[in-house]
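TrEMBL lists 18-44, 105-127, 139-156, 162-185, 192-218, 224-243, 301-322, 334-354, 366-383, 399-418, 430-449, 461-479 with the feature transmembrane segment. Residues or ranges marked as domain 'Major facilitator superfamily (MFS) profile' in TrEMBL: 36-483. Annotated region 'Disordered' per TrEMBL: 510-534, in sequence order. Sequence annotations record features per position, and here TrEMBL assigns compositional bias 'Acidic residues' to 513-523.
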Amino acid sequence: MGLEEAFRSVGEMGRYQIYLCFLLTVLQFFVATQAIFMTIVGAIPPYHWDFATIPSSNWSQSNAANDSEFREWLHVTNESEVQRHVHFDHRFSSVVSEWFLIGDAMYKVSLASSLYFFGVLVGGVLFGQLSDQFGRKKLYLAGLILDVVFGIVSAVAPSYEIFATCRFFVGVMNGGMSLVSFVLLQEYVGVSYWALTGSLQSFSFAIGISLYALVGYFIRSWRILALVVNIEGVLILLPTLFIPESPRWLYVQGRLCETENILECIAKKNGRPECKITLKPPVQNCDESASILDLFRHRVLLGRTLIMMYIWLICSLVYYGLTLGAGDLGGDRYLNIALSGLAELPAHPVGLFLINCSRLGRRRTLTGFLILGGAACLVNIFLPEKRATGIFTVVNNQSLSFLGKLAISAAFNIVYIYSSELYPTTVRNVGMGICSMSSRIGGILAPFIPSLRNVHQSLPFLVFGVAGILAGGICLLLPESLNKPIPERLSDLDSVAYCHLAEANNVNHLEEETNSESEEEEYSGLSEKTKLMQ
């Protein structure tokens, strides 16, 4: 029998696969915590200068920041002397109060976050190749173990330099491990359940953001918080030590005996002990080869790739920018971070419902969410300073930021599905890979955008708003893909009329081509957060 028939025999989603799904879904709590780690650990506690102890100074708390003589004094005075005159509030500690990352050193907080996302970029590429060669389970376990190790080292780091270096390696391990765990979970179940497992991981990532805020509320020491977060990783690691290797990976490698043993084990734990599996050898495909250059040689693919690269970058930039900046919206930091995570929960089901509506489709829905997210950010700029009465008790920085987060989360989920349908089968992996790389670049840039508040309070929202609306606008240049034929080869693009803008704008044909088979089921469950890691 073939592999898919074997999965139907043992159960595509039996009780054992539900158990495995639970283990690897809970893992997303840990992944989310590491991704937004700096929102609490890098927070700036209230502080004041003790100017009375500085000889010959006439500065005050209100005018010192804009005083040229004060800035000159900061430059010429040694670090230990400067630190002696700064007093932080003791309500919580962070790396800022630990290493005095204020003034000209404030960029180091954003840099630590950026190094993490650069590590995610490296880890995704590295682990993706290694897991194809050595197996999913080995790379997953190695990545999670090293993730925890580097996380613990960062918790006891004696200097900022060691801390920032550890954040990079945590990013490598977290990005790579989460990618492999996502693929591993998909390969445990039947194809018809891929959408469900992908959606569950999206939900658990969002919940993980809120749980991190809850833990941070009760643990106000950043070092203890970092240790607790990584103990969570250990607790997740222990039960996953005994999970099986991916049967799909073993099958592709030609290791039929091992594949059959694992499938029969799954069948037994699913309550089907009588199930015996005998697999046919995998068929070797001889499809036309493709390279990254094909994306830029072909006129249609070039346009689609450049547009999609920009949209992916903006989705990542705005998503992580709003998440990392949630603590600085005013009000309670921990509540804002928690609500920022919870705001994502309705985004995925709503987005998936709308993209399957014949009058909306992929393109219009994605455009709408991108523009909605950008507009929500732009409205922040025009809010009055005094917002304590009337409608402004509801329409404020927090509510608009959460609306933007919901919209961009939905867009991030949709863009993965949409992209997979625009690329021919022969270059789909290459196309999705370069789009994913663009999203990681957005993640690297994202930590620096919230810090633009130091220039002007509304500047981060201006950047997010303009970028989101522009992404929504250029999305209209793409063709609709709902109920359209999925191209298999590059040559198919030349005969498909919807590659032209005029045809792309004609959505009346959406319901006329329902006979073509869509690949939506395979991809519809893949979410924003896992997108960054693929």
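The backbone N, Cα and C atoms fix where each Cβ goes, glycine too.
A TrEMBL annotation is a machine prediction, not a hand-curated record.
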Local confidence of the domain 'Major facilitator superfamily (MFS) profile' (36-483) - pLDDT mean: 86
Spatial neighbours of the transmembrane segment (461-479) far in sequence, C-beta under 8 Å, 6+ residues away: 303-304, 307-308, 310-311, 314-315, 317-318, 321-322, 363, 366-371, 373-378, 380-381, 404, 408, 418, 422, 449, 452, 498-501, 503-505
Cβ-Cβ under 8 Å with the transmembrane segment (301-322): same-chain residues at least 6 beyond its ends: 35, 117, 294-295, 340, 366, 370, 373-374, 377, 401, 404-405, 408-409, 411-412, 415, 419, 422-423, 427, 431, 434-436, 438-443, 445-447, 449-450, 460, 463-464, 467-468, 470-471, 474-475, 477-478, 490, 493, 528, 531-532
